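Working notes, structure below.
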Amino acid sequence: MAIFKILVLLLSLSCFCQAQLSSTFYDQRCPNALSTIRSSIRTAISRERRMAASLIRLHFHDCFVNGCDASVMLVATPTMESERDALANFQSARGFEVIDQAKSAVERVCPGVVSCADIIAVAARDASEYVGGPRYAVKVGRRDSTAAFRAIADSGDLPNFTASLNELSDLFLRKGLNTRDLVALSGAHTLGQAQCVTFKQRLYDNSSDIDAGFSSTRKRRCPVEGGDTTLAPLDQVTPNSFDNNYYRNLMQKKGLLATDQVLFGTGASTDNIVSEYSRNTARFASDYAAAMIKMGDIQTLTGSAGQIRRICTAVN
């Protein structure tokens, strides 16, 4: 009997270790899962185009803090701090309600089957595609965490808007992402907006890495005093379309954030990648898709780890 129990334990451990993500994970478990999520996400973005950028960013901020486990969705409790309140997320991370709505829609179709972590990953893909980005096969099969990790979010696992290229590269390397992944994923800043507080210093410190005319235009809505929460498009030319104009901006010293502009003009290897993407839209789209899939693999919970939350904002 004891030997039998040991064999069962070893078998279960083997199954756990071999559990992995797959684009076909829900084909039998919940065939309509991905189409249900897609419909919900498209509805949300049709109402507010900016939401596409917010959902992509939400996936990034989830994965970089203890892995792609939907920990970013958890609301604070008396015994747990929320990642939503971390410096990099507070009053800037958006799209939580869109993920909640998609979860509710999926629960009506297949109760207790689809994780919030998977919904976030699929939503990021559907969001970029809706505004012109590439469609790629999202790997699914993640499970949700039973805790949030605000301390990790505040300790440097999310990039500061003043980070240097070396700091960005080191952070991405710790997550298993290389320099090309860094430049490709940064291309998501072809969409969305940033608060004045995140780029104000660049406008007024007479930096040589910002175009004078671009800086002057931004100053009109971003005064020295006040206006910190005023928004400006990360790409002033096509802010609502997923394209490669972001890289052209960098080559003209028109990157809005310091962490954007450090990718070009320093003589580093990223210069060549930025230049390549500015000329070759297809290569950027392909590399972006590959990097998103790669990012989605960071520290995932599979098998019997974690849980499938009934609602995304709270542990079961």
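Keep in mind that glycine also has a Cβ here, set from the backbone N, Cα and C atoms.
Automatic, uncurated: that is what TrEMBL annotation is.
The Cβ of Pro159 (substrate binding site) has 18 neighbouring Cβ atoms from other residues within 10 Å, across all protein chains displayed. Annotation comment: TrEMBL describes Pro159 as substrate binding site.
Around His189 (heme b binding site), the same-chain residues six or more apart in sequence whose CB sits under 8 Å from its CB are Leu234, Asp235, Tyr246, Leu256, Leu257, Asp260, listed in sequence order. Annotation comment: TrEMBL describes His189 as heme b binding site.
Residues or ranges marked as disulfide bond in TrEMBL: Cys30-Cys110 (among others). The Cβ of Cys30 (disulfide bond) lies under 8 Å from the Cβ of Val106, Val109, Cys110, Val113, Val114, each of which sits 6+ residues away along the same chain.
Taken from TrEMBL, the feature disulfide bond applies to Cys63-Cys68 (among others). Neighbour count (other Cβ atoms within 10 Å of the Cβ, all protein chains): 27 for Cys68 (disulfide bond).
Neighbour count (other Cβ atoms within 10 Å of the Cβ, all protein chains): 24 for Cys312 (disulfide bond). What TrEMBL records for Cys116-Cys312 (among others) is disulfide bond.
There are 19 other Cβ atoms within 10 Å of the Cβ belonging to Cys196 (disulfide bond). Per TrEMBL, disulfide bond is recorded for Cys196-Cys222 (among others).
Per TrEMBL, domain 'Plant heme peroxidase family profile' is recorded for 20-316.
Taking a C-beta cut-off of under 8 Å and a sequence gap of six or more, Arg57 (site 'Transition state stabilizer') has these contacts in its own chain: Ala93, Arg94, Gly95, Ala188, Gly192. Residues annotated as site 'Transition state stabilizer' in TrEMBL: Arg57.
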Among Cys116, Pro159, Cys196, Cys222, Cys312, which are recorded as recorded positions, the nearest neighbour of Cys68 (disulfide bond) by Cα: Cys116
Which same-chain residues, if any, lie at least 6 apart from Cys63 (disulfide bond) yet have Cβ under 8 Å of it: Lys175, Met295, Gly296, Ile298, Gln299
Integer Cα-Cα distance in angstrom, Cys312 (disulfide bond) to Pro159 (substrate binding site): 25
Among Cys110, Cys116, Cys222 [disulfide-bonded residues], residue with fewest other Cβ within 10 Å: Cys110
Rounded Cα-Cα span from Cys116 (disulfide bond) to Pro159 (substrate binding site), Å: 24
Between Cys222 (disulfide bond) and Cys116 (disulfide bond): CA-CA distance (Å): 37
